[in-house]
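A.B. asks: Structure provided below as structure tokens; questions to follow.
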Amino acid sequence: MTVDTMPGTPSPADAVPPAPGARPAPRRRRRRLLGESGLAPYAYVGPFFLIFLAFGLFPLVYTAWVSLHEYRLGGEMTWTGLDNYTWLFTSEQFYNALWKTITIGALSTIPQLALALGLAHLLNYRMRARNFFRISMIMPYATSVAASTLVFAQIFGRDNGFANWLLSLVGIDGPDWRNGNWTAQIAISVIVIWRWTGYNALIYLAGMQSISQDLYEAAAIDGASKWQQFVHVTLPGLRPTILFTVVVSTIGATQLFGEPLLFGGGTPNGGALGQYQTLGLYMYQQGWQFGALGRAATVAWVTFVLIVLLVVLNTALTRWRTGERSTRRAAR
Amino acid sequence: MRIRSTAPVVATLLSGALLLTACGGSDDEAASSSGGGDGDVELSVSLFGTMGFEESALFEEYEKQNPGVQINYESTQGEDKYWPALQTKLASGSGLADVQGIEVARIADVVANQSDKWTDLTTLQATKDIAANYVEWKAAAATTEDGKVLGAGTDIGPMALCYRTDLLEQAGLPTDPAELAARLGSWDDYVALGEEYKAAAPEGSAWMDSAGGFYNAMVSTSEEIYYDEAGELVYDSNPAVKEAFDTAAAAGEAGLTARLEQFVDPAWDQGFASGSFATIACPSWMIGYIKGKAGDAGAGKWNVTPLPGGEGGNWGGSYLAIPESSENKEEAAKLIAWLTDGEQQATVFKNVGNFPSTTDGIANVGDATDEYFNGAPIGEIFTASADAAPTQILGQDDGVLKNTLVKALLSVEANGVPAQEAWDSAVSQVENQLG
């Protein structure tokens, strides 16, 4: 039999002995079916897609299905069509949550990415203990949301908080961080910035290191200052990296949940005026505080659509901004 | 080359196996939750917060008295996390314990919507007549229209006023509970005394902790709160709710509150020790909470006096219930009957402050005093409050209503929102939520 003499071709499934003269033909066929160009790639990626179907696509579709029903936690589902969407778009609380998600998102994402870019630029220089600084960048990211938020909640305490103590040193009467509108949003943004800046800085650093040193040398010879090098060499070179971090941060900001939840003592109210109630908290409140699962599903789906829109918008904006800059550079 | 040709097969098998295991999970779980063999019984008990049984070593004692019974106890700290988890388990019918706790604010929902998911305790030998032992309204709240009793009451929340003697003394107010009670003929007197306190108070200290807490204390003395007897929503036309809201809002506007959200703001917890507030409305379970938060250093600083005007009220309290899916119903009923027996309830009260819900239990605690609270006669005070408490009408969305109104009051005291505006916005939020 050919099984042992022809390594690579046989498998138990193909036990039919081929006619001696026709040997090359079945081999080619088999390669097409099972080899690199055949079924194998599908089998290799199969597990991912099965898991994606079970834990990604199915929940997405089922959530859409649930959002068309009135479904009380512990009760039965009753079909209500688009009632939940009508309810959502007439709910003041929803627009409040939407707006807070955007403002907290902006307050946290923009300084975060700017800081990360600056830090990465500094870390890219030769300096003492460079590896120590690089590694310590990632430490906040490794800390759990719960731990960091609890610490920050103490720092921003009204009566015995560290932040207000610092302010009192310079003679400023500290605000009631938790209950104030902007102060609460700023406090939450600080937590987010603290956690994610290092993470983004390392991504930028990796991006920077793929930029050729020749460009910097050439720029230096042309008499470009460090700042000019940053603006005209580093930034254009980082374009794909910046795009990536913008997309990831946008998604993160839209889904912001753990920080405001824990900042609010584990309740999803988001403060007396809902001043830090994000869409994530609003969804959680509907589902788990009020037991309205159908409505929670509606919020989830609207959030999903919003994320897609925001990512597309942000990507376009970033492309346009960096694209504009590089064309300007080229024109110069 | 051999490897390459077998790899696709392996990969396909692997993906198949993943699918299979994903489907197989629930069967295993169902199998492991049934009781042990050889006449031995494993009872699982799942509760929330501090119900006091574990803290008073009652499970241990029950196991000692009933050889062959093993109790597996677990507790979730927050009821707001415990309840949704319980609901998902009820919906899926798996993962439920033999005994589950139910908070009083949920019992109306359970009685109205879930009577098929919980065991009627009157059908079990050990709990046949259990309702007869309870304070009347406590049993009534857990009884369905067709007479099923779905829960055995563990405790009730009669109310009093807890206060810091050292702070009152510094402000020149009476510190003796009887003298203080003489000055508190009504809620208005309580507010007026607050003005007096504010005028001479130690720096950084307010008369009471929060407008929301004050509001809850006031409405808890009413019979009808958010729903009327027919089960209709009446919160926006009920004068008791509006009056409590307005009085609490006014206290907040006048700066009599420390503006600390109860159970949420970490500064509220710290306030028990640091003295951010001098008084707090005090359901009996708050006694244990204060001890925990004020710590050893707070011993002897706190005292208890009856609510203004000696009014009675109820805030909180829980039930124990057996899910319909339990496979050890008779054994679970025995445990429930023993845990909620007057003697055990008295033990729990003395340990963590949860006040008995059975008439026997109440009779057992009448003479209890608390060293931590300057030897206050807490048994006597809370018994009087329980006697004077009206039979509250509970509704299934009490939780949503209470949450919304307390939040509105916080916006008044902490954000300077005018009281009427806060009320209107709370009403519109409730309408949006409950339709």
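Glycine is no exception: its Cβ is also placed from the backbone N, Cα and C atoms.
A quick note: this is a predicted structure, and the numbers were derived from the prediction, not measured.
According to TrEMBL, the protein has these features:
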- A:1-27: region 'Disordered' (REGION)
- A:39-62: transmembrane segment (TRANSMEM)
- A:97-123: transmembrane segment (TRANSMEM)
- A:98-314: domain 'ABC transmembrane type-1' (DOMAIN)
- A:135-156: transmembrane segment (TRANSMEM)
- A:186-206: transmembrane segment (TRANSMEM)
- A:241-258: transmembrane segment (TRANSMEM)
- A:298-320: transmembrane segment (TRANSMEM)
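I'm curious about the neighbourhood of these features; can you describe it?
C.D. replies: Residues 119, 123, 162-164, 177-178, 183, 187, 190-191, 194-199, 201-202, 258-259, 262-263, 265 of the same chain lie 6+ residues outside the transmembrane segment (A:135-156) yet bring a C-beta within less than 8 angstroms of a C-beta in it.
Same-chain neighbours of the transmembrane segment (A:241-258): 101, 104-106, 108-109, 112-113, 116-117, 145-146, 149, 188, 192, 196, 200, 203-204, 206-207, 235, 278-281, 284, 303, 306-307, 310-311, 314-315, 318-319, 322, counting only residues six or more beyond its ends whose CB sits under 8 Å from a CB of the stretch.
Distant neighbours of the transmembrane segment (A:298-320): 60, 63-64, 67, 84-85, 87-88, 94, 98, 242-243, 246-247, 250-251, 254-255, 279-280, 282-283, 286; these residues of the same chain sit at least 6 beyond its ends, with a Cβ under 8 Å from one of its Cβ atoms.
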